[in-house]
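The structure appears right after this line, and notes come after that.
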Amino acid sequence: MRFFHSIIVLLFSISTGSAFLLYGCNLSENLCDNDESCYPDGVFGQCYSSESGSPEPTVLDNLDDTQLELLKLELTRLAAKDKDWGDEETQCVLAYFKMSMFYQLQYDPDFCQVRKPANVWALIQLIDTGLTEDPTILDEDVNPENVTDEDMAQIIEQLKEPSLPTEEDIEEALNAQNEDVDDEILDQYVQAVVNNENPDFSELSDGQLNILIGRLVDLKKNVENEEAQLLTGDGEQEMAVPLDDLEERGEQAILKKDIEQVGEINQGLDNTEHKIVKGRKDQVVTRVDANRVYLKVHLKNEDQLMPLIEFLQNTIAIPNNLYFDDFQFENGQLSMRISRFEGAKPKADKRIDSVEGVASAVYKRRKDIARLSGADVRETGIGSGEDGSLPVESSERDWLLMPVLFVCAFTVTALGLVAAVQIARSRRHYKDNIQQIAEQLDGKNSFAYQDLCRQRADGGRASKSSSTSSWCEETAVPTIDISTGHVVLNFLQEYLSEPTKIEAQWNGIKDYRNEERTKTKAEKFASQNRTILPFDDNIVDIDGKTAENEDFYLNASFIYDDDPRQAVYIAAQTPASSQIAAFWQTIWQHGVCLVVNLSTPEECKQEKNYWPDTGSEVHGAFEIHLVSEHIWSDDYLVRSFYLKNLQNSQTRTITQFHYLSWQKESTPTSAKSILEFRRKVNKSYRGRSSAVLVHSWDGSGRTGVYCAVDVLCARLLRGIRQIDVVATVEHLRDQRDGMVATGDQFKLVYGCVAQEVNHLLKSIATK
C-alpha cells in the first residue's frame, strides 16, 4: 500500500504542462523540435531542451546481450506493424523499455498493446520524470522486483515470431474448417431446443447427434449450476472459484492473460450475483445480476418485441456463441440472460466475451434496430433494469458531444490566433532590430560561436549502440561570402554557356590515368571484377586477407580529399552474389553507416540483391534485417537496416540511399534531383570517422560524378575562393580509374556545382 501511495503522490507532484520527450532522434531527424537537441540516452537518443526546466533524461549504460536481444525483438515487432519512430506505440515501447531496464523492473511485452498507447506512454514519462526530479519519493522499504535471466528469456520467447506450421498443424486446421460447418448446423438445433421447438433430427449423422446430445447435457448442467448458486447465495460473500476447477468442467477463463496479471476478473458471463455491500450488515444490500443485460426501449406495441429479439439473436448471439434466454419485459425495460457454450468456436472475427460488450454492441446497433423493428433503444446496461443495474450506454450522454467539440474547437482556434499574433509581433520586432544587432556583432561572435560548436561536437559523448555518434549536416550559414560566390557562379555559368570550353577540358583529361600505381591484388581475382580494378595502395582491405582469399575480396577503393589520413568515400562496384558477405564485412569493419546506391533496379536484378526484400537474411557472419523502406521521390528511396554481428551479437543501424533513375554512362534529366539526393544523404546519421560507401555497377562513372560533386560542394561550404573541376576529377582518378566516364557526366558536374552555388547565395540573402 505504501508503494501505491508513493506512486499517487508522484503523479500529483509532476507538472501537467511539461512536454513529452520523444525517443529515437538518433535515427529520425524530424522528431525533435527546433529548440530541442538529441540527448544521448544510451539507446537511440532522446529529444531534450535544457530550457524546458525538465531534468536531464536518464542514461542506460552497458546493456547486456539479453537486453539487446529484447530491444531488437521489440523493434522487429514494431517494424512488422509499419510503425515509424514518431508513432505512439513505438514511443510507448521505447519509454517502457528504458524505464524497466533503468529501474530493473519486471518487463511485460504486452504493456503497450492497448487501444490508446499514448496514454500509457504519457504515464511512463510522468513517472520517469518524477523519479528523476525526486528519487526519494519512493519508500525506502519498497524493493523493486529484479528481472531474472529466466524471466528475460521467457519474455524474449513471447516476442519471437511463430514458427512455420507443421503437417499436424495443417491437418488440424483443415479439420477445424470442417468442424465450423458442423458447429453452424448444431448451433441451429441447440437454438431450436432452447426455444421449445421440435426440430427434425433425421438429417443429422450419428456423430453429429452425439455432439448435439453432449452440448445439450452441458448446457443443462450449466443452467442447473446457475440456479443452485442463486438459491444458495448468502448475500454476504461470493465464493472464489479456482481456475483449475474451471478447466476440469470444460469451462474457459476469459482473458486468461489479464487474470495472471491482476488476479481473477469476472467478465460477467458466469451466472453469479455480485453483492455490493457498504457499511453494517443491517444496511441495504444492492444486487446486480452480472449475467443479464437490460434495454430501455420505447415501443409502439409489444408486437415489436419479437423482431427485436430475433435481430439480437442473429447479429450478436449466434456469431459470438452466446445464448440469450429468460427474456423479461416490464415498464419499457427488456432484460435477458446471457450464457455461452464453451465447446464451439466463435464465428465473429472480434469476439464479444463480456456482458458489457453485449450491452455496448446492442447500443451501437440501435439505428438498425429502429429500422427493422421500430423499437427505440435509449439505454443499455448490466443487470435486470431495476435499482441494481449498471448503465453502460445511454442516449442522455450523447447530447454532451457537440458542446464539448464546440468548446474544444473554440479553444484551439483561440490558442492558434494568440500564437499567430505573438509570432507576427516577434518577427516585426526582429526586423526592426536586425540591422542594429548585425552592426554590433560585426561578424566576430559568429566565428566564435562556430568554433564553440566544433569544440562541443569533438567532445561529444559516444553512443552506447554504435561505434559512431555524430550528426553530419551542412552548415546552415556557409562561410563563403557573397562576392566570392558570385565570382564562382559567373565562372561556372560562362563555361556552361560555351560548351566548347567544357568539351576542350574533357578532351584533355578523358584518357587520363595514373600509370604509376599497380593493381596486382585485384588482378588475382579477375572473375570478380567488371571493368575497373582498384589500386594496390588504396584497395579496401578486409581483415588483412584481401590478397590471400577470394572470399575476402571486394572491388572497392578508399577515396581521400585533402586529408590523407581519413578516407571520405569508399568507391565500389555493386557486389556480385559471391561478394555479398565481403560487402557487409567491409561495412562493419570500417564503421560505415551510409550506403549510396547508384545502380538502377534493372542492374540490381542481374545479381542477387545484397539486402533482403523483406524480413532478414544471413550472409557470412552477419544478419541483415530490413527495418523500413521509404520512397522519397520518383528518383530515389531510402532503406534502413539492422546489421547484427553473429560472432559477438553487436548491432548497428545502416541507411541506404538508392538513386533509381540514373542509367549507366548517361546523365539524369535534371541536376536538381541529384543535389536534393545529396542533401538528403548529408543530413543523415554519419560518424565523424566513417566513410560513405558509394557504389554503382562498375564503381567508376556515376560513382565518380557523385564524389566530385560532393567534394566540390563541401569545399564551397568551407569558404574556398576558386573551383577547379578538372583538377578534382584528376585527383579522383589518381585513386580509382574511370571516375567520371563521359563528357556528359563531366558537364553534369559543372551544372550541379553551379546550381549549388546559386542555392547557397539565395540562402545567404534570405538569412
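Glycine is no exception: its Cβ is also placed from the backbone N, Cα and C atoms.
In the predicted structure, the domain 'Tyrosine-protein phosphatase' (527-756) carries a mean pLDDT of 91. The domain 'Tyrosine-protein phosphatase' annotation in Swiss-Prot covers 527-756 and rests on sequence analysis.
The N-linked glycosylation site annotation in Swiss-Prot covers ASN26 (among others). DSSP assigns ASN26 (N-linked glycosylation site) to coil, not to a helix or a strand.
The N-linked glycosylation site annotation in Swiss-Prot covers ASN146 (among others), and the record cites sequence analysis as its basis.
Per Swiss-Prot, the feature signal peptide maps to 1-19.
Residues or ranges marked as topological domain 'Lumenal' by Swiss-Prot on the basis of a curator's inference: 20-398.
Feature annotation from Swiss-Prot assigns topological domain 'Cytoplasmic' to 420-767.
Sequence annotations record features per position, and here Swiss-Prot assigns transmembrane segment to 399-419 based on sequence analysis.
Using a Cβ-Cβ cut-off under 8 Å and counting only residues 6 or more beyond its ends in the same chain, the transmembrane segment (399-419) has no close neighbours at all.
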